[in-house]
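Here's the structure we're looking at; comments come further down.
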Amino acid sequence: MAVGDGGGGGVRRRGCGCSKEDFFPEESFSSWEAYGRALRSTGARLADRLTARSLDATELHEVRARSGADMKRDLTWWDLAWFGVGAVIGAGIFVLTGQEARNAVGPAVVISYVVSGVSAMLSVFCYTEFAVEIPVAGGSFAYLRVELGDFMAFVAAGNILLEYCIGGAAVARAWTSYFATLLNHHPNDFRIHAASLAADYSRLDPIAVAVIAIICLLSVLSTKASSRFNYVLSVLHVAVIAFIIVAGLTKADAANLTRDFMPYGPRGVFAASAVLFFAYIGFDAVSTMAEETRDPARDIPVGLVGAMALTTALYCALAVTLCLMVPYGEIDPDAPFSVAFADRGMGWAKYVVAFGALKGMTTVLLVSAVGQARYLTHIARTHMMPPWLARVHPRTGTPVNATVAMLLATAVIAFFTDLNVLSNLLSISTLFIFMLVAVALLVRRYYVSGETSRADRNRLAACIAAILASSVATATCWGLDRGGWVPYAVTVPAWLAATASLWALVPQARAPKLWGVPMVPWLPSASIAINVFLLGSIDSKSFMRFGIWTAALLVYYLFVGLHASYDTAKALATDAVAGKVENGDAKTSATPM
């Protein structure tokens with residue numbers, strides 16, 4: 001099998017086909033001697049890959065063809081919108097709202113949700129333009145590969161895959177907890193205690209594994225069937241939220257909201273926004289379904305933007321309802337809505353809340369399973385991961401191997417690991433990737449290889465560097481909490497000046513063909529600034545996890561992924577002119593700024 005064939009070329013085998021050729025078909029892994037030569041060339045190959053950028057056409061045709069069968073184009077804007085709602089609105093809204101309202105921000109939690117929602121919407125705009133122009137399963141991995149190159153795309157994608165595994169495991173264990181609540185049991189009643197294991201890993205959770213297995217089965221059978229199932233559950237979930245809002249408002253006391261609206265000041269609002277931003281995570285999984293969308297130019301903008309607008313409105317309404325029902329200092333941080341209803345003589349409502357949470361967690365698991373498998377599929381198409389994972393089943397039109405591999409990893413983590421350990425691993429990865437996608441959009445609009453002049457390229461690089469530097473400086477000042485507004489009087493105008501310079505001094509090199517982000521460069525620049533600012537409010541443990549995992553990714557890349565993708569690119573460069581765009585040394589290839 002040629003190295004460029006992935007799982008789709010060469011002789012088709014029955015079964016899983018778990019031979020060496022399925023995982024390492026590249027020349028560098030043909031023998032130990034060949035691998036030794038590859039390792040000795042690591043420096044030159046890394047330099048080549050750092051300057052390698054793909055093109056839209058390559059991602060849409062050559063790379064996608066490596067999966068063999070095509071994914072089925074069954075999805076409409078209606079499917080995407082409900083996938084978006086299902087991906088974003090999980091159980092977190094029922095917990096995070098109470099925690100932040102009581103401990104960080106007070107009734108102004110509604111403003112925190114607005115700030116987080118604006119940040120998420122800006123990222124949605126950036127993702128939407130890419131998903132319309134490059135409708136493939138790779139999501140942000142494909143977008144970054146086109147604009148920022150192979151290396152940066154791999155680092156970003158590796159972090160998002162870890163987030164999916166950890167997040168899915170946390171949701172699965174929380175599913176067990178809410179299921180126990182629904183049946184008037186303690187969560188540990190449904191877990192197996194293995195006393196010989198460490199305390200944080202001794203509560204084995206077979207229900208979490210069973211739920212993940214069912215989700216896996218559904219997601220590999222049919223994307224359209226998954227969409228219908230998600231639609232039904234999401235509608236039920238929205239109905240439960242509507243009930244909570246209406247029933248809660250019947251017990252409202254306006255004094256609870258107005259008496260001390262912002263007790264922790266602006267700092268509390270933004271600190272809570274950084275935490276509540278995670279309540280919006282999930283929409284990026286919907287962008288990975290672009291390859292299965294009937295009319296990407298229409299369906300993706302309507303579906304993604306519509307889902308985010310509905311989600312933000314519901315979050316704000318829930319936050320207002322909770323703060324009207326209970327003084328913020330009396331909100332229960334663990335079960336805010338259930339306790340609030342019980343205190344108002346509606347104890348039975350806790351079952352409605354638990355039922356809604358179960359529905360929300362089920363849809364989050366489903367959409368995550370669909371999204372993470374498509375990320376992994378596209379990474380494997382480039383041979384940065386074994387091409388066996390890129391195969392698309394010809395009958396179901398779904399990436400079965402990638403789906404099973406990701407959910408198996410999720411199930412192992414969920415079976416052993418305590419929810420508290422998983423929650424501590426919430427990281428900066430998502431904000432980091434959202435920031436990179438915004439940077440990539442600016443590069444896409446203002447730089448085209450072979451067309452943009454050297455002077456314009458240098459001005460673009462300087463402006464983007466200034467935007468990033470001023471955003472980091474603002475976030476650093478906020479994180480250090482030095483007091484006073486003098487630093488911001490320097491950093492914020494610097495950001496404005498950098499963005500204005502990009503707008504005035506650098507001509508746009510490319511216009512979107514189908515749908516584009518409005519107000520470029522202002523909206524992408526604002527997305528960069530807000531995401532970086534929220535990063536400044538994240539705890540140090542998350543930065544440590546980000547660094548450790550990124551270091552592990554680099555080890556894998558230098559010893560495996562680099563050589564596999566290098567061989568694949570070189571093989572394609574000898575086969576077709578279009579393949580040369582993946583070759584960092586080719587004269588016709590796209591090179592970074």
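Any Cβ shown, glycine's included, is placed from N, Cα and C.
Curation does not apply to TrEMBL; its annotations are automatic.
What you are looking at is a predicted structure, and each value in this text was computed from that prediction instead of being measured.
Checking the ranges 174-202, 348-376 against TrEMBL, the transmembrane segment annotation falls on 348-376. The transmembrane segment (302-328) makes contact with the transmembrane segment (269-290), as judged by at least three Cβ pairs under 8 Å among residues 6 or more apart in sequence. Take the transmembrane segment (75-96) and the stretches 206-222, 269-290, 397-416, 428-448, 485-505: counting Cβ pairs under 8 Å, 269-290 has the most. Listed stretches 206-222, 428-448, 460-479, 517-536, 542-560 were compared with the transmembrane segment (397-416); the greatest number of C-beta pairs under 8 angstroms is found for 206-222. Beyond the ends of the transmembrane segment (460-479), by six or more residues, the same chain brings 267, 270, 439, 442-443, 446-447, 452, 487-488, 490-492, 494-495, 497-499, 501-502, 505-506, 521, 525, 528-529, 532-537, 593 to within a C-beta distance below 8 angstroms of the stretch. Residues 442, 446, 459-460, 463-464, 466-467, 469-471, 473-474, 477, 521-522, 525, 529 of the same chain, all 6+ positions outside the transmembrane segment (485-505), place their C-beta atoms under 8 angstroms from a C-beta of that stretch.
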